[in-house]
Amino acid sequence: MTSPHWRLILNGKSAGDDDLRAAVHAMRERGVVLDVRVTWEDGDAGRHVAEAIADRVGTLVAAGGDGTLSEVATALAHCDLQVDALPTLGLVPMGTANDFAAAAGLPDAPLSALELVAAQPAHAIDLLRLEANGRTHWAANLASGGFGTQVTVETPEGMKKLLGGLAYLLTGLSKLGRIEPVEATLHGPDFAWRGGFIALGVGNGRQAGGGQALCPDAWVDDGRLDVTVIPELAGEVAATLGTVVSEGKIAALDRVATRARLPWIEIDAAQPLVLNLDGEPVEAKHFRIECAPGRVRMHLPADCPLLSQPSR
Ligand SMILES: Nc1ncnc2c1ncn2[C@@H]1O[C@H](COP(=O)(O)OP(=O)(O)OP(=O)(O)O)[C@@H](O)[C@H]1O
């Protein structure tokens, strides 16, 4: 039998991580052919994926946060090959928020994360495809708007590194006094909503912004996007957001949210609005977001809460 051939695409921010270095050596000692490519800026992960496909690598492992995962998944999705002919995808969570990894129940420790890639078969999972301003963007996890968007976009990089996910929370708290609702019209199959929202989530995965479970019931393998709209509620807004931030989030959101599960959704606004796509801000007046079903195959825990059919 030939040895498995993996390639690890590592966000350069974590290039000095000793645990990851030890984990890579441990997997090599167990017979995995594992080489590493490091990113320096946007676009590098995509180039490394193209090289890996040309080299017929069996498994790509993204080592980074949600942005790195999305960049690697995007490059796979852009490839002309059928999903079964593409390398499978693994994830070592090394970002700040690691929202996809947290919701998927992936282990934090690099060695455990790599062992999971070796032990678990890959499942076909969906991706988000977002069209805005004539451009197509892809993401693995979630598109968010309103409160969560500003929190993530405005959290300074140095602070993110120091405080981890907590930085998002602190930035969020400091903004509670000035939350402006975003006026928009949303529509999809048998779904229409119009008004001002303070938070919007269009999820393949469940959470964004460092643990905000905007789409708590989303599955990554159901061919649908989970949409959550949290409307402005005069008088209750501050109380609602206070609870969202300070407690377990889901209970508070459930009381006021409109939810739908859709194959696609369009969002229109009179003023440009920003959607945060796994860390990438996209500003437009019109968005179309589609679910691209089963677009990549990913190694996930056996009991992964994001899988509707874990044993498939
Ligand atoms: N060597 C590097 N140094 C700094 N930034 C980098 C480097 N390589 C890539 N990047 C940038 O890092 C961003 C992706 O970061 P990633 O999402 O992996 O981490 P994060 O933002 O800490 O994680 P999370 O989204 O989970 O909070 C991309 O914008 C990419 O261009």
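Quick reminder: no glycine exception, Cβ is built from N, Cα and C everywhere.
Here is what TrEMBL says about this protein:
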ACT_SITE  GLU280  active site, proton acceptor
BINDING   THR39, GLY65, ASP66, GLY67, THR68, LEU69, SER70, GLU71, THR96  ATP binding site
BINDING   ASP222  Mg(2+) binding site
DOMAIN    1-134  domain 'DAGKc'
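Considering other CB atoms within 10 Å as the measure, the emptiest surroundings among the recorded positions ASP66, GLU280 are those of GLU280. On the 0 to 100 pLDDT scale, the model's mean across the domain 'DAGKc' (1-134) is 95. Packing around SER70 (ATP binding site) is summarised by its Cβ count: 27 other Cβ atoms lie within 10 angstroms of its Cβ, all protein chains included. Cβ proximity to the ATP site centre (mean Cβ of THR39, GLY65, ASP66, GLY67, THR68, LEU69, SER70, GLU71, THR96, cutoff 8 Å) flags the following additional same-chain residues: ASN11, ALA45, ALA62, GLY64, VAL72, GLY95, ASP278, GLY279. Distance from the CA of GLU280 (active site, proton acceptor) to the CA of THR96 (ATP binding site) is 14 Å. When secondary structure is read from DSSP and collapsed to three states, ASP66 (ATP binding site) falls in the helix class.
Proximity of the recorded positions (THR68, SER70, ASP222, GLU280) to ligand 1: a Cβ under 6 Å from the molecule is found for THR68. Spread of the ATP binding residues is 16 Å (greatest Cα-Cα distance among THR39, GLY65, ASP66, GLY67, THR68, LEU69, SER70, GLU71, THR96).
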